Amino acid sequence: MTQPDNVCVKNGIVSSFTLESTSPNHKPRVKILGTGGTIASKADSTTQTAGYDLGLTIDQLLSQIPDVTQTCDCFYEQVCNVESTEVNDKILALLHRKVVESLADHDGVVITHGTDTMEETAFFLELVINSQKPVVLTGSMRPASALSADGPMNLYQAILVAASKSSRDRGVLVSFNDQISSGFFISKSNSNSLETFSGKFGYLGNFIDNEINYFYPPAKPSAVGLIRQVISRESVLQSPDWPRVAILYSHQGFDKELIRLSIEHLGAQGIIFAGCGAGSMTAETNEYAFTLWKRYGVPMVYSRRSNEGVVPRRSLPKIEGYSEGSIAAGYMNPQKARILLQLCLLHGITVDVIKVVFEGVFGG
Ligand SMILES: NC(=O)C[C@H](N)C(=O)O
């Protein structure tokens, strides 16, 4: 899975050499970790922008961008080469390890990643990486073979972001389509558009003529401090079995038995509802979820199926005794709520503390 690392992008050409021979002049050292996604994909023709396949490695992607050696020394490593829907607990744990290792002797890290689940990886890394150095995710919406492919510019800009001192202390970033955003907040909003990371939260800066402009001084998402008080044992990430958390999507005619099946047959230790509106599920579903909470002690987190918005505590079902087992996801979408709940469960945190974490995070 892993390939030899250590590469320098020189005069637009990627050439290998050893780590020791680099950085005589203290240029920032940037490590680029390739994981796959559309940025590493090819289609049969230059006009095909759907139905393409993975086919490029990180060294090939680096060979397509302009010279950055005036700015930094770049090194690369292929961590995996998959569609981002294939990213799972094992890959996240591996990526966490690679980022920690890379930060030890580099000034910043870039991760090329599929856009479909980039927000989950970015959110996860924000919660588990404690560093002042920038960790920057990027990818593309068009395959590398397309006319006006967006990957090369995105990768180029992400490297500049990772190499820049102005990116320190800002947490995990997503650099995409001339915008720099907080990986903690960002969410993919469009299945096809180049401007897919255009949500209302998390937009921190942009590129104009390849100059980085941050709108605010450095800051990390305010919730991270609280989360890291309870989720700080990075060693647990290497445990082979992460707790299962199921996301159940609400719709007219929702079948409440899905909750029981998730717990009894799939071993879910937590449930996230992608509820209608501000987290609504049917009255029957809520009663049943309460019964299952009492029986199994599995926390029920109420999030929303709408792209944006909040599930406040007040929207939780008004069922006596259920306030202990039901949790509002606040601003968190189901996929981010799932990562947070999974990490809490992995740390063996009790439901009453998990509730406090969610309350402190996004107004949940
Ligand atoms: N634009 C993309 O990167 C989608 C992609 N196929 C992925 O791995 O998520």
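Cβ coordinates are placed from backbone N, Cα and C, and glycine is handled just like the others.
What TrEMBL annotates here:
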DOMAIN    29-218  domain 'L-asparaginase N-terminal'
ACT_SITE  Thr38  active site
ACT_SITE  Thr38  active site, O-isoaspartyl threonine intermediate
BINDING   Ser84, Thr115, Asp116  substrate binding site
ACT_SITE  Thr115  active site
DOMAIN    244-358  domain 'Asparaginase/glutaminase C-terminal'
Neighbour-count leader, CB within 10 A, recorded positions: Thr38, Ser84, Thr115: Thr38
Rounded inter-Cα distance in Å - Ser84 (substrate binding site), Thr38 (active site): 9
C-alpha spacing of Thr38 (active site) relative to Asp116 (substrate binding site), in angstrom: 9
Extra residues within 8 Å (Cβ to Cβ centroid of Ser84, Thr115, Asp116), substrate: Gly37, Thr38, Glu83, Thr85, His113, Gly114, Thr117, Met118, Gly139, Lys188
Euclidean distance between Cα atoms of Thr115 (substrate binding site) and Thr38 (active site), Å: 8
Counts by DSSP class (helix H/G/I, strand E/B, coil) across the domain 'Asparaginase/glutaminase C-terminal' (244-358): 49 helix, 23 strand, 43 coil
Asp116 (substrate binding site) CB neighbourhood, other CB atoms within 10 A: 18
